[in-house]
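Working notes for the structure below.
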């Protein structure tokens, strides 16, 4: 199953949905943290609920995959109750993803959605480095060039950040940037680690998700009561929740599952570049909802990121073998002639 072939249209569908989900999630989360006039909810509880929903969705998908409740039960018993080492192995990305998801709330509480979306793409160079070190992969010169072009685009965006005029809360841009830095490191490592686990065995994708989300629920629940325990006990777990907050949780849940599918059937850097395409959608929404004022450096930086997406997607051309084959053929002809 690790090498299960899928159609190009299926890959395009997954990447397109991921782009839409990423853009919408960023904008709506930003809205709930800065513009919404209701009482502020606890972000740690939203991260925890997201893990619970993803667990139930994965159970539903595994039920469909196995075809019966009997095989579902046997699969869970084998891979969950009788596989403590596998649970421990998947607890590593669970912890890292929990930190990453919480950092997203901190970052979007202090940075505009479009600025966040562009800056967050720094996860791609981090992912590329992790792939080289952990998966022994190599990137072509064009891919490396596109990665550095992406970094240049992000630098231009941060050189003179665009400002929003409709934000109602005080912000700390430095705190937002630090949160993104932590999230970038977490995203690169956890994504490649999970990809390595997925592609190193024939275990079902949904089984791996269940293993990871079980650990994730424990980790995020501990995070709730370690950071905001007293307030949660006083005000309630769902304090400040609105339909928009529920929509954020839903998007985070769907986005997490699509991330797993894309990692399984494509590659991790491609997932990152597909998310970069959400910059355009986030920018348009930010201008409309938050009064974002686009600067020249922001526009140039965003354009460089989009160009880097195109360059990375170009097919690889392995021309090293063709000249060598032609040379060998010519040498044999000369020998025959002699």
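Heads up, the Cβ atoms here are built off N, Cα and C, so glycines get one too.
Per TrEMBL, the features are:
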- 12-32: transmembrane segment (TRANSMEM)
- 38-62: transmembrane segment (TRANSMEM)
- 142-159: transmembrane segment (TRANSMEM)
- 174-194: transmembrane segment (TRANSMEM)
- 206-226: transmembrane segment (TRANSMEM)
- 238-261: transmembrane segment (TRANSMEM)
- 273-290: transmembrane segment (TRANSMEM)
- 296-314: transmembrane segment (TRANSMEM)
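Take the transmembrane segment (206-226) and the stretches 12-32, 38-62, 174-194, 238-261, 296-314: counting Cβ pairs under 8 Å, 38-62 has the most. When each of the listed stretches 12-32, 38-62, 142-159, 238-261 is scored by C-beta pairs under 8 angstroms to the transmembrane segment (296-314), 142-159 comes out highest. Using a Cβ-Cβ cut-off under 8 Å and counting only residues 6 or more beyond its ends in the same chain, the transmembrane segment (142-159) has close neighbours at 115, 118-119, 121-122, 124-125, 128, 177, 269, 276, 297-298, 300-305, 307-309, 311-312, 314.
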